[in-house]
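Feature list (source: Swiss-Prot):
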BINDING   Cys110, Cys113, Cys123, Cys126  Zn(2+) binding site
COMPBIAS  169-181  compositional bias 'Basic and acidic residues'
REGION    164-188  region 'Disordered'
Amino acid sequence: MALAMLVLVVSPWSAARGVLRNYWERLLRKLPQSRPGFPSPPWGPALAVQGPAMFTEPANDTSGSKENSSLLDSIFWMAAPKNRRTIEVNRCRRRNPQKLIKVKNNIDVCPECGHLKQKHVLCAYCYEKVCKETAEIRRQIGKQEGGPFKAPTIETVVLYTGETPSEQDQGKRIIERDRKRPSWFTQN
């Protein structure tokens, strides 16, 4: 049979004592259960401890509470700030040039509607107009089809008032709108 051996190195840090004591108690509870069905050896685990003998004894809780302090209890107090930041440090941190809002130099005027927009980006006002017109066309198509899954597999052409279908539009589905064609909606 193999002899179990545990080596503990004790630090002068007071929170480490509680942590080591908890691990030692847990180890003592788990050892008899570690090999069910096999007789336990007549000897216990060998322990090498550098420090006072109080670490090898289980902690007797006099308050009646059975809660053991865990490793997290000793870590949470370490994460708390120990000193207050000075006002100079706070101002430097808050007014850091990397954190300030950058000035945009790529603002342009939309040539269609005159609203402000970013360069190389579609104008939000014009995009909203296109979305509304597209939604109206889709609503009209839905009324003609009578259902969402009854669309024919042919190409669709949108005609506005005063427009007639061309020779290229023969055999295509034609949607007629009761208004003038918008300037931004090309016929092709």
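For all residues, glycine too, the Cβ spot is worked out from N, Cα and C.
This view paints the features noted in Swiss-Prot onto the structure.
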{"residue": "Cys110", "record": "Zn(2+) binding site", "Cβ neighbours (10 Å)": "15"}
{"residue": "Cys113", "record": "Zn(2+) binding site", "Cβ neighbours (10 Å)": "13"}
{"residue": "Cys123", "record": "Zn(2+) binding site", "Cβ neighbours (10 Å)": "19"}
{"residue": "Cys126", "record": "Zn(2+) binding site", "Cβ neighbours (10 Å)": "16"}
Residues within 8 Å of the Cys110, Cys113, Cys123, Cys126 Cβ centre (excluding the Zn(2+) site residues themselves): Pro111, Glu112, Gly114, His115, Lys117, Leu122, Ala124, Tyr125, Tyr127
Non-local residues, at least 6 beyond the ends, that sit with Cβ under 8 Å of the region 'Disordered' (164-188): 112, 126, 129-130, 133, 136-137, 140-141, 144, 152, 154-158
The region 'Disordered' (164-188): DSSP-derived helix, strand, coil residue counts: 3 helix, 4 strand, 18 coil
